[in-house]
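A.B. asks: Dumping the structure here so I can ask a few things about it.
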Amino acid sequence: VGCEECPMHCKGKNAKPTCDNGVCNCNV
């Protein structure tokens, strides 16, 4: 998942989306 889609991708989880080297991470 790209950075721009990260917030939507992580939505619904108690996540704080971060972007590392163009990769989306949902940090719970």
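From the backbone N, Cα and C atoms, a Cβ is placed for every residue, glycine too.
Below are the features I grabbed from Swiss-Prot:
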DISULFID  Cys3-Cys19  disulfide bond
DISULFID  Cys6-Cys24  disulfide bond
DISULFID  Cys10-Cys26  disulfide bond
A.B. asks: Quick one: which of these disulfide-bonded residues, Cys6, Cys10, Cys26, have their CA within 10 A of Cys19 (disulfide bond)?
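C.D. replies: Checking each Cα against Cys19 (disulfide bond), the hits are Cys6, Cys26.
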A.B. asks: Of Cys10, Cys24, Cys26, which disulfide-bonded residues come within 10 Å of Cys3 (disulfide bond), going by C-alpha to C-alpha distance?
C.D. replies: Cys24
A.B. asks: State the Cα to Cα distance, in Å, between Cys24 (disulfide bond) and Cys10 (disulfide bond), rounded to an integer.
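C.D. replies: Cys24 (disulfide bond) to Cys10 (disulfide bond), Cα-Cα distance: 9 Å.
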A.B. asks: Would you mind reading off the Cα separation of Cys6 (disulfide bond) from Cys26 (disulfide bond), to the nearest angstrom?
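C.D. replies: Cα of Cys6 (disulfide bond) to Cα of Cys26 (disulfide bond) measures 8 Å after rounding.
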A.B. asks: State the count of C-beta atoms found within 10 angstroms of the C-beta of Cys6 (disulfide bond), not counting that atom itself.
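C.D. replies: A count of 18.
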A.B. asks: Check Cys10 (disulfide bond) against DSSP and tell me helix, strand or coil, would you?
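C.D. replies: DSSP call for Cys10 (disulfide bond): helix.
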A.B. asks: Using CB atoms and a 10 A radius, I'd like the single residue among the disulfide-bonded residues Cys3, Cys10 with the highest neighbour count.
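C.D. replies: When each Cβ's neighbours within 10 Å are tallied, Cys10 tops the list.
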